[in-house]
Amino acid sequence: MAFRRRTKNFPLFSQEFVIHDHVDIGFCLVLCVLIGLMFEVTAKTAFLLILPQCDVSVPTADSTMVYYHYSLKDLVTILFYIFITIILHAVVQEYILDKISKRLHLSKLKHSKFNESGQLVVFHLSSVKVFYLCQLTYWLHALPELYFQKVWKEQIPCQLQYICLYLVHIARAYLLNLSHLGLILLPLQYSTEFLFYMAPLFYFAYENNEKLFNAWAAVFGITRLFILTLAVLAIGFGLARTENQVFEPEKGKVNTLLCRLCILLLVCAAQAWFMCLFIHSQLRHWREYWNQQNAKQRVPAVPRFSARLTKKESGYHENGMVKAENRISPPRTKKLKSPQGQCDVSVPTADSTMVYYHYSLKDLVTILFYIFITIILHAVVQEYILKERRT
C-alpha cells in the first residue's frame, strides 16, 4: 500500500528512502501487530502495544470501576500509536489536502501553510474525546514529521516551541492526575485553535476572506480568561481544600502548596505568553492594514513628459512654448497670482516691517475665489478617498 507514487528508486534504508517510504514502513509494522492479535501465542504481546497496562479495578455498589495509572509501559503504547498517527496523517494529506491544494494553485509558502492548517484542523476537530495517550502520541509524532515533511529551517524553531508547549501541558495533566481539569481546558484551547487553522483555509479558498480571523481574534481573549479562571479555581482553591495534601509520587499524589504554585505559575506564564504573541501579531496586522489603506488613498502623480519637438504648420513646440518658423518666440504671458487681501497696512519695526490686514468689500472677491478652491478640494476627497473606502 503506497500513499505516494514512486518516481525514483532510492537505496534501501537511505535518508531519501526513509523520508519517502516512512508511511509504508509504519503501515507494515502496524499490520504485523494486528496480525499478532489473531494468534494466541502473540496476542499478549500485541495487547501490550494496543491497550494501557496499569489498570486498577475498584468495586462499587453497582459495578466495577477501572482506573488507569501511568507507567513506563505506556511508552510502548505511545510508540505504536505514533505509527497509527503517521498513517492517518498521510491519508489526510494524500486524499484530502493535496486534492484541494491542486485546485487552488497555491505558492510554496501558502501550500505549506495550507497543509499545516489542514492537518491541525482535523486533529482539533477529533480531539474532544481522545484519550491522553493519543494526545501525547500526536504531538510526539509531530517531531519526526518535521524531518519527513522537509519543513523549512526558518519554521522549525516556531514549530518546536508550539509542539513542546503542548507536550509539557498534556504530560503535566497526565502525570499529576489532573485529567478532569485537562478534559475541560483542552477542548477550550482546541476550539480556539480550530478557528485559527480554519481561517487560512477559507482565506486561500475564498479570495482573501478574513471573517474567520476576526472571529478567532474575538474568541481568543475570552478563551484565555476562561482558562485562567478555571485553573485558579480548580488548583488554587479546589485542591487547597482537600484533606490529602501529601507528596507521594508513586501513588500519584502531589497535592502540596509548592506543586500547586508551580502548576499555576506554568499555566499563567503560558497564557501570558500567548497574549503577548497575540497582541504583537494584531498590532503588526493593523499596521500593515493601515499602510495599505494609506497607499491606496494617495492620489497618483501626473507623469512628466520629456521635452519633445513636435512639428506644426505654423511653428513647432519646444519646452511647452510655441515657436514660430523664424525662431522668434512670442512674449511670455505673466502668471496670474492668486488674489490676496487688499487692505494691507505696513508698519515699520526695529527689525523689519510688519504687515497688517483689515477687512473691506474687496475681501468678497477673495472669499469667492476660495469658495471655488474648497469645492474642488471637496470633490477630490469624495472621489479619491471616500469612494475607494466604500468600494
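Using N, Cα and C of the backbone, Cβ positions are placed for all residues, glycine too.
Taken from TrEMBL as is:
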| type | residues | note |
| --- | --- | --- |
| DOMAIN | 112-289 | domain 'TLC' |
| TRANSMEM | 75-97 | transmembrane segment |
| TRANSMEM | 118-140 | transmembrane segment |
| TRANSMEM | 160-176 | transmembrane segment |
| TRANSMEM | 183-203 | transmembrane segment |
| TRANSMEM | 215-240 | transmembrane segment |
| TRANSMEM | 261-280 | transmembrane segment |
| TRANSMEM | 364-386 | transmembrane segment |
* **Overall pLDDT for the domain 'TLC' (112-289), taken as the rounded mean** => 85
* To do: Between the transmembrane segment (215-240) and the stretches 75-97, 160-176, 261-280, work out which stretch tops the count of Cβ pairs under 8 Å.
  => 261-280
* Remote residues contacting the transmembrane segment (261-280) - C-beta distance under 8 A, at least 6 residues beyond either end -> 165, 168-169, 172, 176, 178, 217, 220-221, 224, 227-228, 231-232, 235-236
